[in-house]
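Enquirer: Input: one structure, supplied below.
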Amino acid sequence: MAYFNQHQSMISKRYLTFFSKSKKKKPFSAGQLIGLILGPLLFLLTLLFFHPQDLPWKGVYVLAITLWIATWWITEAIPIAATSLLPIVLLPLGHILTPEQVSSEYGNDIIFLFLGGFILAIAMERWNLHTRVALTIINLIGASTSKILLGFMVATGFLSMFVSNTAAVMIMIPIGLAIIKEAHDLQEANTNQTSIQKFEKSLVLAIGYAGTIGGLGTLIGTPPLIILKGQYMQHFGHEISFAKWMIVGIPTVIVLLGITWLYLRYVAFRHDLKYLPGGQTLIKQKLDELGKMKYEEKVVQTIFVLASLLWITREFLLKKWEVTSSVADGTIAIFISILLFVIPAKNTEKHRRIIDWEVAKELPWGVLILFGGGLALAKGISESGLAKWLGEQLKSLNGVSPILIVIVITIFVLFLTEVTSNTATATMILPILATLSVAVGVHPLLLMAPAAMAANCAYMLPVGTPPNAIIFGSGKISIKQMASVGFWVNLISAIIIILVVYYVMPIVLGIDINQPLPLK
């Protein structure tokens, strides 16, 4: 266990070092400084010189705001969350929305769904339930190198459906490295060193990639999906329920994990090592060190199961009582969170309850503010007439094959999110695709869903996602290796996403992909 803790500390330091190296000591990097100036400049130039006859002044004003915010999001001229506060200032100044209307978007039900999800995830982490779940899954799947690789992917993917992708990978990487270290120490004379090294690289990448893939399983698994839910409601007044998305998302995760496992094991890092020296023994040892499940773990496990059941059965049960509109997914998330604050802890002097308000320090408030900013901007785009105008301009695409548009959108977003924030990418592109769907005469989810899913999937560069940065920080994989392997995983993801959106999602959600919805 000491080695595990030591390695976890080492990963954390390398993870932080990776990002600290990428930041300049100056207040702004060259790119940030350019973005800082370019954003307001585009705002002014748009107001002064862009005046189409069929676009009202309010539409021009919101377009100018959008260009400013998008520039600062992409270049990260100031923190992304700080940029997301601009609508509170700029939309009322242009008489687009009242201060009350803008501010209310930052308290949208969708934001509270994610807030509740974060609190539940932190409860799992505080009482170490996620580690027990992960080790149990790995132990059950088997002892061969192929099964250990699959076990780590299944465990990481499952965790990242409910806790952040970053937290899932941060937990699993030290365990993986400890197993590799044990294998090196117990290596037999006839064991091929190259095979162990190949397994080592495949395991590190498998953990990182599974953390990213698993986020697609639930609406709270990754920010782009919660943005999809919010933007879809904002533009069209329809809801994507937690349960229905799971029916779409979990099969997608299973297929992606399976194909990625096959690719890493038998193509990218093919080796002849069938069994890893000491691998299964170490997993059992770590499970034994956890001991019996504590009272607090049982409470969190029960709450987790309760939350899942309520999310899954909400629509079915509440329709019978005719109160569907009174209880949303966010309502359930906050109810579950309150239970965690109420139930006392027993086996510790440090924490009196399962969760206390100290947890607020760990919540990613910046992500929640970004969601609110995106929803406020979407409201401004709709209210100003900009959405209608954009739809008219995009009518030239009417007649282009919908499948071709889906392919282009998916691949474009997949590679764009390698160098930009996945959350900012989804926030910027989904309102445009909402309007585009009306222009080309297709259901909005045919365009918006693949973009949101693709925004989550970045496998090539350390800066693409926090999981990528963590596995790069392990020192076991080079950027060149990550890019070459990640390129093919990107393409695999694109193919699966397109097939799921075109053939599975319409059946599950009960939509006609050729039937557009009117904008609100």
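Glycine too: its Cβ is placed from the backbone N, Cα and C atoms.
Per Swiss-Prot, transmembrane segment is recorded for 30-50, 55-75, 77-97, 160-180, 207-227, 242-262, 298-318, 323-343, 362-382, 428-448, 452-472, 491-511 (among others), and the stated evidence type is sequence analysis.
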Enquirer: With a Cβ cut-off under 8 Å, give me the same-chain residues at least six positions beyond the ends of the transmembrane segment (362-382) that come close to it.
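Expert: Cβ under 8 Å, 6 or more out: 62, 65-66, 69, 79-81, 83-88, 91, 96-97, 101-102, 105-108, 110-111, 114-115, 118-119, 122, 164, 223, 226-227, 230-231, 234-235, 423-424, 426-427, 430-431, 519-520.
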Enquirer: Could you check whether the transmembrane segment (298-318) and the transmembrane segment (428-448) come into contact, where contact means at least 3 Cβ pairs under 8 Å with the two residues of each pair 6 or more apart in sequence?
Expert: no
Enquirer: Which residues of the chain, 6 or more past the ends of the transmembrane segment (452-472), have a CB below 8 A from one of its CBs?
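Expert: Distant contacts of the transmembrane segment (452-472): 11, 15, 18-19, 22, 165-166, 168-170, 173, 204-205, 207-209, 211-213, 215-216, 222, 224-225, 227-228, 252, 409-411, 413-414, 417-419, 422-423, 425-426, 429-430, 479, 482-483, 485-487, 489-490, 493-494, 497, 500-501.
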Enquirer: Would you kindly list the residues that approach the transmembrane segment (491-511) from elsewhere in its chain, counting only those six or more residues past its ends and only Cβ-Cβ distances under 8 Å?
Expert: 213, 240, 244, 247-248, 251-252, 255-256, 259-260, 263, 403, 406-407, 410-411, 414, 443, 445-446, 449-450, 453-454, 457, 459
Enquirer: Applying the under-8 angstroms CB criterion, which one of 160-180, 207-227, 428-448 scores highest with the transmembrane segment (55-75)?
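Expert: Of the candidates 160-180, 207-227, 428-448, 428-448 scores highest.
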Enquirer: Who are the chain neighbours of the transmembrane segment (207-227) in space, where the CB to CB distance is under 8 Å and they lie at least 6 residues beyond its ends?
Expert: 110, 113-114, 117, 152-162, 165-166, 168-169, 172-173, 176, 240, 242, 245-246, 249-250, 252-253, 256-257, 260, 264, 329, 333, 367, 370-371, 374, 422-423, 425-427, 430, 452-453, 455-459, 465, 467-468, 470-471, 486, 489, 493
Enquirer: In terms of Cβ proximity under 8 Å, which residues at least six beyond the ends of the transmembrane segment (30-50) contact it?
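Expert: Same-chain residues near the transmembrane segment (30-50) but 6 or more away: 60-61, 63-65, 67-69, 71-72, 74-78.
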